[in-house]
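**Q** Following this message is one structure expressed as structure tokens.
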Number of protein chains: 2
Amino acid sequence: MALIVQKYGGTSVGSPERIKAVADRVIRWVNRGNDVVVVVSAMSGETNRMVSLINDIDPEGSAREKDMILSTGEQVTIGLLSMALQSKGQDARSYTGGQVKILTDAVHTKARIRRIDDTPIRNDLNKGRVVVVAGFQGMDEYGDITTLGRGGSDTTAVALAVALKADECQIYTDVDGVYTTDPRMVADARHIPVLGLEEMLEMASQGSKVLQIRAVEFAYKYDMPIRVLSSFDDDEKPKSTLVTHEDGVMEDVLVRGIAFNRDEAQLTIAGVPDQPGIAYQILGPVADANIEVDMILQNVGRDGLTDFTFTVHRNDLEAASKLLEGVASKLEASQCKWDDKIAKVAIVGAGMRSHAGVASKMFKVLADEGINIRLVSTSEIKVAVVVDEKYVELAVRVLHDAFGLSETMA
Amino acid sequence: MALIVQKYGGTSVGSPERIKAVADRVIRWVNRGNDVVVVVSAMSGETNRMVSLINDIDPEGSAREKDMILSTGEQVTIGLLSMALQSKGQDARSYTGGQVKILTDAVHTKARIRRIDDTPIRNDLNKGRVVVVAGFQGMDEYGDITTLGRGGSDTTAVALAVALKADECQIYTDVDGVYTTDPRMVADARHIPVLGLEEMLEMASQGSKVLQIRAVEFAYKYDMPIRVLSSFDDDEKPKSTLVTHEDGVMEDVLVRGIAFNRDEAQLTIAGVPDQPGIAYQILGPVADANIEVDMILQNVGRDGLTDFTFTVHRNDLEAASKLLEGVASKLEASQCKWDDKIAKVAIVGAGMRSHAGVASKMFKVLADEGINIRLVSTSEIKVAVVVDEKYVELAVRVLHDAFGLSETMA
């Protein structure tokens, strides 16, 4: 008998009919002899509806009150799913994040989980119940409701799986797993049945939307296997991707997949003094404004001056560019510019650790197509480049072919 | 400095604009030097939306899960109102029923309040905050969310007022107080500025929709003054009805108002043995089915047989009539019939305690109009009669005139 934590996203529970379908699926897992804990998101559209109410009152309003409001979406879903399970004869019980004691810090709208009390869940499981938990939310030490921010429900599921020492954390979404790249962009992208957690971490951080990076980080830290499945797939033996510790996963695969995103913008400040501390002078104000910086590049100095380039999320470009103009005038920079017509393309694979030449092959493939590389960032298991946005489809396709990822080459 | 508990219903908080108007009103009360605790309902339409989701899943579903879902409506409103107050410069803090420790019994969907911990609210008031509490909900000793059922938000407000020893509990609604009868039925119905709690209790139980009977019962039990005001009234000195302990209210008013309702149905079982225990044999099964019985009439027996008549809510007629048929066949009754084309009309007034002849005057006025009385029920401060539904408007108008309640006679 296995203990499984399942998570169903907003589309999977988007209507009463979909919720009943989820109940059927959960019951099939129970009937196969498993203990099941289910984490759900708000019904699709609900969170947007509440955000719009909030914006009508005060978009800059108190984060505590926003959490009070936003946490209700998941609370509705857990009640409905528990009722659907019960009406099909499966005993079930719903819990809000606070009730099941998902204790978080007090950073409203982006709280981090500190501790989970698994006692109430275990008691229910021992009584043969399915436990249905609201994703995305918790409670701080003052008894206030908190939300976990982006990707919160995936994170709740992984954290519960870790706390319960579950055998597997299943993330149900609208795709049946991870592919070598986005199948909407490359028609012969190949399904990946097993993937290393570290690789998934790089895939997620480089733009793959299948799993939220925070949840993968959590799973990676606690070595919790994640299985990605489609909630629209009715097969008895559904297609899935198991994301797990990399031992025995690796084999000879050099490059596992191609990730990409169009979420970033690039900023450059040119002709600043090439002296110690210059990076801090430039990035300090950006970090102070809670703007996350992804890639950073400092050119080799010339004539005592250097150029400095970094990327931020496009949503943060306006704020970051204003800060940079302030820094530029203070440092008497020769130029200060930005561009959001960029895309990031990354090849990811634990196999490249032991293989030289992966990066150079990538650069050659792109050069052969006349695609200029603006920035490069590498780790042991990925190489990411920034290119003009208009080249992103071309870059992904040629790299997918060049590294032998296409279906026909399987 | 007074401590005031205010309650705003679903229409009063039905849109972001209405919520902002409520915030302005609350702030005016604070600026006049009052401590203010606000209880709110779900935005109008929200509860119906959730009930429809529930019915799509399972109308007969678990009451615990229904409460989990239904309680979210108020939770959204408290967050929005707190944000509206804050954005206008008034410090505020929202609490769910569970957070503010409104402890109830575990009877989901119609829980009763057991205890309220006033400490967190007092702490916030001492810091100059407005405290915004979700109406209609609480938490039981197991930490499960409960709802109070019909009229729950009014009851929350009165219970909080009692727990905090507030000076006044203000119920904001869409009318500016209690009238001698429904002004939609009698155009010259008169506004009542002050009314006894006991009279209000009778008015509410006889069909006046202005205040929920449960809340009035609570206020009556703990002697908490209630003020009914309109949230659509922008006057500095708004019209209102103060419902309070009757000392000093009474004066010489004989009849305070005319209440009526069309919510009931009448059932009769005829020709049953006139023997001890017969009432119990008839009403026992009805009570066991949790059907509330309002009026009960047993005729004087003749030839060892008697007739027995009672009224129930129209929603319960189908269930009650089935039960009655079972009883009739068991008791070999000569007849068993029911009718939902009835209405109840009542005259209410603490003054009639010391005046004989109020009931007989009522009967004469109705007889003069040819209105047949089917059932009578009296208390010290009310006389209620059941008449054919088609006569209800006529009965209310002639009684309103006959007892001198019309505007022109004020």
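The backbone N, Cα and C atoms fix where each Cβ goes, and this holds for glycine too.
TrEMBL labels come from automatic prediction, so no person has curated them.
What you see is a predicted model, and the numbers here were worked out from it, not measured in a lab.
Sharing the features that TrEMBL gives for it:
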- B:Lys7, B:Tyr8, B:Gly9, B:Gly10, B:Thr173, B:Asp174, B:Tyr179, B:Arg184, B:Lys209, B:Val210: ATP binding site (BINDING)
- B:Thr47, B:Glu74: substrate binding site (BINDING)
- B:267-338: domain 'ACT' (DOMAIN)
- B:347-410: domain 'ACT' (DOMAIN)
**Q** What average pLDDT is reported by the model for the domain 'ACT' (B:267-338)?
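**A** Across the residues of the domain 'ACT' (B:267-338) the model's pLDDT averages 87 on the 0 to 100 scale.
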**Q** Summarise the domain 'ACT' (B:347-410) by DSSP state, stating how many residues are helix, strand and coil.
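**A** Helix (H, G, I), strand (E, B), coil: 33 helix, 14 strand, 17 coil.
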**Q** What number of additional C-beta atoms lies within 10 angstroms of the C-beta atom of B:Thr47 (substrate binding site)?
**A** 19
**Q** Out of B:Lys7, B:Thr47, B:Glu74, B:Tyr179, B:Lys209, which binding-site residues come under 8 Å of chain A, measuring Cβ to Cβ?
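**A** So none of them sit by chain A.
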**Q** Please report the Cα separation of B:Gly9 (ATP binding site) and B:Glu74 (substrate binding site) in Å, rounded to an integer.
**A** 10
**Q** Take the C-alpha atoms of B:Lys7 (ATP binding site) and B:Glu74 (substrate binding site) and report the distance between them in angstrom, rounded.
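**A** For B:Lys7 (ATP binding site) versus B:Glu74 (substrate binding site), the Cα atoms are 12 Å apart.
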**Q** Are there any residues in the same chain, six or more apart in sequence, whose C-beta is under 8 angstroms from the C-beta of B:Glu74 (substrate binding site), and if so which?
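**A** Result: B:Val40, B:Ser41, B:Ala42, B:Thr96, B:Gly97, B:Ala134, B:Gly135, B:Phe136, B:Gln137, B:Ser153.
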**Q** If you count the C-beta atoms lying within 10 Å of each candidate's C-beta, which of the binding-site residues B:Lys7, B:Lys209 ends up with the smallest number?
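**A** Each of the binding-site residues B:Lys7, B:Lys209 was scored; lowest Cβ tally within 10 Å is B:Lys209.
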**Q** Which site among B:Gly9, B:Tyr179 has the most other CB atoms no more than 10 Å from its CB, taking these as binding-site residues?
**A** B:Tyr179
**Q** When DSSP states are grouped into helix, strand and coil, how many residues of the domain 'ACT' (B:267-338) land in each?
**A** 29 helix, 27 strand, 16 coil
**Q** Sort B:Lys7 (ATP binding site) into helix, strand or coil using the DSSP assignment.
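**A** Where B:Lys7 (ATP binding site) sits, the three-state DSSP reduction gives strand.
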**Q** Could you check what DSSP calls B:Glu74 (substrate binding site) once collapsed to helix, strand or coil?
**A** helix
**Q** DSSP secondary structure for B:Tyr179 (ATP binding site), reduced to helix/strand/coil, please.
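**A** In the DSSP reduction, B:Tyr179 (ATP binding site) maps to strand.
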**Q** What is the separation, in Å, between the Cα atoms of B:Thr47 (substrate binding site) and B:Lys209 (ATP binding site)?
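**A** So the alpha carbons of B:Thr47 (substrate binding site) and B:Lys209 (ATP binding site) sit roughly 19 Å from each other.
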**Q** Quick check: in three-state DSSP terms, what is B:Lys209 (ATP binding site)?
**A** coil
**Q** Among B:Lys7, B:Tyr8, B:Gly9, B:Gly10, B:Thr173, B:Asp174, B:Tyr179, B:Arg184, B:Lys209, B:Val210, the annotated ATP contacts, find the widest CA pair distance and round it to a whole Å.
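**A** It comes out at 24 Å between the most distant Cα atoms.
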**Q** Could you list the residues of the same chain, at least six apart in sequence, whose Cβ is under 8 A from the Cβ of B:Thr173 (ATP binding site)?
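**A** Listed in sequence order, they are B:Gly9, B:Thr11, B:Ser12, B:Val210, B:Val228, B:Leu229, B:Ser230, B:Ser231.
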